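Asker: What TrEMBL records for 20-40, 52-71, 98-121, 159-185 is transmembrane segment.
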Amino acid sequence: MDSISAYKNRALASLDKGWSTPVICTLIYYIITFVVAGVMGNKDSSVVRQTVGFLFYLGLIPLGWSLQVLFLEYVREGRTQVNSLFLGFKKPWLPKSFLIPFLVGVYTVLWTLLLIIPGIIKAYSYAMAPYVFKDNPEISCDDAIKESMRLMDGHKQQLFLLDLSFIGWVILASLTLGIGFLWLVPYWQTTRVHFYEDLKKEMPAA
């Protein structure tokens, strides 16, 4: 496995091929998220609008998966397309593009209810499940999560520290009224993809 600085440098080298599409995809994701949140947060909305808003809220789960894995495509092929942001709504990805992130969220919350630290540890154990599913569309939800746990065995602390190294950028992005996140999210996600690629090389499937 590489150093934290090396992963971040590799991510920047990948993004040097072109920031525009990753930034546009991130922008579209946040626009959709804000619109859905606005509908859900409007207490004066009718029952029908609230129901539609809830369905769109559920749709954010495969949308989030799509945003995460499009950076896998970007790192490997040197490019991606805006329509990749909606990959999770297509066959063969749906419904597992919904179920896997949903189950990861449920398991993480259940562990967090016991204690915060075990919840964080489990969250990092499950962190590679979206990528595992993208590489293995036929895999079951449970097996994708188990494979993530296998890959992350002994590497959870390193990924945690890698994420923690972005805290300064998070603060700066927050000072720009969130605009900076349009560049920070691609930077962070691309860094995580490089981490995953090295995990696969170091921990090949049996």
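Keep in mind that glycine also has a Cβ here, set from the backbone N, Cα and C atoms.
Have a look at these and tell me how they're positioned relative to everything else.
Answerer: For the transmembrane segment (98-121), same-chain residues at least 6 beyond its ends with a Cβ under 8 Å from one of its own Cβ atoms are 58, 61-62, 64-65, 88, 129-130, 133, 141-142, 144-145, 156, 160.
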Asker: Near the transmembrane segment (159-185), which residues from the same chain, at least 6 beyond its ends, have a CB less than 8 A from one of its CBs?
Answerer: 4, 7-8, 19, 23, 26-27, 30, 67, 120, 124, 127, 152, 191-192, 195
Asker: Apart from its near flanks, which chain residues at least 6 from the ends of the transmembrane segment (20-40) lie with a Cβ under 8 angstroms of it?
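Answerer: Same-chain contacts beyond the ends: 49-50, 52-54, 56-57, 59-60, 63-64, 67, 70-71, 74, 79-82, 84-85, 178, 181-183, 185-186, 190.
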